[in-house]
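Novice: Just lifted these from TrEMBL, have a look:
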type	residues	note
ACT_SITE	Glu310	active site, proton donor
ACT_SITE	Asp384	active site, proton acceptor
ACT_SITE	Glu412	active site, proton acceptor
DOMAIN	28-149	domain 'Alpha glucuronidase N-terminal'
DOMAIN	154-472	domain 'Glycosyl hydrolase family 67 catalytic'
SIGNAL	1-22	signal peptide
Amino acid sequence: MRMKRALITLWLVLSAAAPARAEDGYDLWLRYRPVTDAARLAEYRAAVTQLVVDGDSPTLRAARDELRTGLRGLLGADVPLSASATRDGAVIVGTPASSRTIGALGLGDALRAVGREGYVVRATRVGGRRAIVVAANSDVGALYGAFRFLRQLQTYGTLANLAVASAPKIQLRLLNHWDNLNRSVERGYAGHSLWAWDTLPDASNPRYRDYARANASIGINGAVLTNVNANARILTPEYLAKVAALANVFRPYGVRVYLTARFSAPIEIGGLKTADPLDPAVRAWWKAKIDSIYALIPDFGGFTVKANSEGQPGPQDYHRTHADGANMFAEALAPHGGVVMWRAFVYSNEVPVDRVKQAYTEFKPLDGQFRDNAFVQVKNGPLDFQPREPFSPLFGAMPKTPLMMEFQVTKEYLGQDTHLVYLGQEFEEVLRSDTWAKGKGSTVAKVIDGSLHGYARTGIAGVSNIGDDRNWTGSQFNQANWYAYGRLAWDPEMSASDIADDWLRMTFTNDPSFVRAVKAMMKTSREAVVNYMTPLGLAHIMATGHHYGPGPWVGGPNTRMRADQTPTYFHRADSLGLGFDRTATGSNALEQYAPPIRARWGNQRTVPDSVLLWFHHVGWTERLPATHGRPLWDELVARYNAGVDSVRAMQRTWDAQRGKVDDERFRDVQSFLAIQEKEARWWRDAALTYFQSFSHLPIPARYEQPAHPLQYYLQVRCPANRDKPRCDNVP
Ligand code: GCV
């Protein structure tokens, strides 16, 4: 025993002294670096002595390979493969169908409870010997279980009495890639698209597999490969062959491919004169197209469709409804088991009374008219992925139509690549929001996991933040948002804090002082961005087009843009006050919510500060509970300053981690936080000097005064149409 300890200590010393592998973020949360806690390492080495993977499907081979790589990295030595458990410490992986050992273990009830994709990971005895069983009903369940087992070691959890059972609460857990065929990525801040259409299908790329591995490790089981602003060419045989090649790489990892369908494809690539969804020739064209896709990709998932929104064609062009359009696809996909995900992000040609009312107005009347393999995919809020919005009133309002959640993982409106914002907090806030659709406790999570309305199908989509940057997501901490999205898609009731804990341990270090401090930092980061960009329920005051940096002044009669695309439309500042009256005296968007919410949010005495200016136009000197009894102007100044202060606190927290993590990533994060601090000040000063031109009130002397007059901020330019807008003259 003494000898063993000494050897372990020697190995720890040697591995610490060995030249470190470059930490460029490529490995994500699957780093598998040596366990540095000697007691845990001893425990793991005793508990894991051989690997038995029963079955030889591509998916079980992927599980075996992952376990071998992971265990070798974590334990510092190969764990030998064995055909059967011959000693204490076997890790046995498989399904009752692939493994006689697992079949004989009497896991029937436990396995029944975890369904097709779930798993059971258990310390047990097999033939009188200690073993750990990773069991599932399907090969992909076993793969998920293998990742879960590795996570136990990566996070330094004990293996004693290990007893984990888990099943996803949502069936379709998808990433939506807004990737174009020229490899640009709409709202992408991490380089080019991963999909190298020019070299597919002939050339593969290790990143395709690593992408699928990363997704499988968090349970993501589908990828919509193309932009919702769709290009019909993806549906041509040339491109479908490329899609099939990607599908082949992803398949062992349980990741199915989906595409976006351009509604006018029958005209553009089919030679038809119309795309009318009720025209028999159009329907026949789509049916034939879909049949041809399944001939190439038998497990093709289906289509996401953006129609009659922001200039995209759709059924309304032919005076048909969204349901008519969706049902045409659903009917053709149904025989193959495919689905259509019809987006509710509609943005019609007419400027509406209030843009945030539109999705509900158009879709609610269609409830019950969609075929059962059609989803309606709804953005988390009624507007467009703002730092904070109330939940979309559609959640809870369409009991007869499976609603999918659409989150945006890429941070279009939240500082894009550089600002550190942990979206776990935002996703959690939305998922826990109570719609009151069936009384108290009717949370958004229960709507989308199907439990509230008994949906037979369930799904969730996250707009991907992934590109070909070496670190995948443009910044080290943006990886946490991909990770958190996947974990919440598996279980929408999980705590964002627990997810951050796991992510930090796997991505950086298990050092408890690091995990404690940096987790706290991540948890405050979302409120920080809300405060320095859009406090108190403000929204969409970003510069127009690229949405990077402040632009609250954009709008009014002198712009050539539609009113409802401009910040002045949304914040409604005037000499009296600030905010959009969405109560009965204004646009009455509030009527789209359930009565208890209407009552609370509609009353200035009870509305929470988080949505104050979303629903109310408040006088500059008005004192409300939501402004902590301070005049609105003072509260606004306090919030913008709090945002900047939080970023400075984040910097201090991070600076204190020097030496606890590798230098490469430490410096990366540090330099981005410096950009964030500078830009938080820019946001604060630009917004406050602008709003001050209405309030005519001073910024109290106890606060930092703006570095420049409003005129200065008006001339800061961020070039549009760049992957990563960098702005000139940021103060
Ligand atoms: C893909 C916002 C974004 C657009 C995006 C659109 C959508 O308007 O700015 O880039 O288009 O949402 O979700 O369809």
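Using N, Cα and C of the backbone, Cβ positions are placed for all residues, glycine too.
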Novice: Just to be sure I understand the packing, how many Cβ atoms besides its own are within 10 Å of the Cβ of Glu310 (active site, proton donor)?
Specialist: 13
Novice: Helix, strand, coil residue numbers for the domain 'Alpha glucuronidase N-terminal' (28-149) per DSSP?
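Specialist: Residue counts in helix, strand and coil order: 50 helix, 26 strand, 46 coil.
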Novice: Show which residues of the chain containing Glu412 (active site, proton acceptor), separated from it by at least 6 in sequence, have their CB under 8 Å from its CB.
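Specialist: Those within reach of Glu412 (active site, proton acceptor), by Cβ under 8 Å and sequence separation of 6 or more, are Arg187, Phe385, His547.
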Novice: Excluding near sequence neighbours, so keeping only residues 6 or more apart in the same chain, what lies with its CB under 8 A of Asp384 (active site, proton acceptor)?
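Specialist: Looking at Cβ-Cβ distances below 8 Å from Asp384 (active site, proton acceptor), excluding near sequence neighbours, one finds Phe345, Tyr413, His540.
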Novice: Across the domain 'Alpha glucuronidase N-terminal' (28-149), what does the mean pLDDT come to, as a whole number?
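Specialist: Averaged over the domain 'Alpha glucuronidase N-terminal' (28-149), per-residue pLDDT gives 97.
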